[in-house]
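Novice: The following block contains the structure, expressed as structure tokens.
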Amino acid sequence: MIRIGHGFDVHAFGEKRPLIIGGVTIPYHTGFIAHSDGDVALHALTDALLGAAALGDIGKLFPDTDQQYKNIDSRKLLIEAYRQVQTKGYQISNIDITIIAQAPKMRPHIDNMRQLIANDLNCDIDQINIKATTTEKLGFTGRGEGIACEAVALLSKKTV
């Protein structure tokens, strides 16, 4: 059996903190306003994985009202979510992530993002695709007010 999940996340810029996307710290003059580290790529991916396994969403599993998740590294959330997906007997077939940002440029960081995600999910880097696009200066991402991200995860039942 195969299952597909879709995730979406968005965060506004506005805090003097590191900008972390896909687990990678990206040099930029500002970071995200967020309860956790604000990693839009990992949040969207976590939602996609949870959705594919019918386990709800990131807010259900890691509510932003819980102080234990304040400023947490989103890689920890991703790893825990995937552990729960695995308990239902699923494994990753492939992941596709689209980062929507006018700036900063993502291309120099995508290979590092892919490798970190592959390591965290114990899968091959060829199962992880990440791409970036702009909105041609339209909307909040185009005005440089924040970044959005979509992720799709395809899961398959583990074979013994």
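The backbone N, Cα and C atoms fix where each Cβ goes, and this holds for glycine too.
What Swiss-Prot lists as divalent metal cation binding site is Asp9, His11, His43, and the listing cites sequence analysis. Among the features that Swiss-Prot reports, 4-CDP-2-C-methyl-D-erythritol 2-phosphate binding site is placed at 9-11, 35-36, 57-59, 62-66, 133-136, Phe140, Arg143. If you look up Swiss-Prot, you'll see His35, Thr134 marked as site 'Transition state stabilizer', on the strength of sequence analysis.
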Novice: I'd like to confirm something. Which of the recorded positions, His35, Ile58, Asp66, Thr134, Arg143, has a Cα closest to the Cα of His11 (divalent metal cation binding site)?
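Specialist: Closest recorded candidate to His11 (divalent metal cation binding site) by Cα: His35.
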Novice: Excluding Asp9, His11, His43, please set out which residues of the same chain place their CB within 8 Å of the center of the CB atoms of the divalent metal cation site, keeping sequence order.
Specialist: Val10, Phe32, Ala34, Gly38, Asp39, Val40, Ala41, Leu42, Ala44, Ala148, Cys149
Novice: Fewest other Cβ atoms within 10 Å: which of the binding-site residues Asp9, Asp66 wins that one? Let me know.
Specialist: Asp66
Novice: In DSSP terms, helix, strand or coil for Ile58 (4-CDP-2-C-methyl-D-erythritol 2-phosphate binding site)?
Specialist: helix
Novice: When you rank Asp9, His43, Thr134 by Cα distance to Arg143 (4-CDP-2-C-methyl-D-erythritol 2-phosphate binding site), which of the recorded positions ends up on top as the closest?
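Specialist: Result: the closest of the recorded positions to Arg143 (4-CDP-2-C-methyl-D-erythritol 2-phosphate binding site) is Thr134.
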Novice: Quick check: of the recorded positions listed here (Asp9, His43, Thr134), which one has the Cα closest to that of Pro63 (4-CDP-2-C-methyl-D-erythritol 2-phosphate binding site)?
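Specialist: Ranked by Cα distance from Pro63 (4-CDP-2-C-methyl-D-erythritol 2-phosphate binding site), first place goes to His43.
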Novice: Do you know which of the binding-site residues His11, His35, His43, Arg143 has the most other C-beta atoms within 10 angstroms of its C-beta?
Specialist: His43
Novice: Which residues of the same chain, at least 6 positions away in sequence, have a Cβ lying under 8 Å from the Cβ of Thr134 (site 'Transition state stabilizer')?
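Specialist: Result: Ile100, Ala101, Gln102, Thr141, Gly142.
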Novice: Can you give me the Cα-Cα distance between His43 (divalent metal cation binding site) and Asp66 (4-CDP-2-C-methyl-D-erythritol 2-phosphate binding site) in Å, rounded to a whole number?
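Specialist: Each residue's Cα considered, His43 (divalent metal cation binding site) and Asp66 (4-CDP-2-C-methyl-D-erythritol 2-phosphate binding site) end up 16 Å apart.
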Novice: Within 10 Å of the Cβ of Pro63 (4-CDP-2-C-methyl-D-erythritol 2-phosphate binding site), how many other Cβ atoms are there?
Specialist: 11
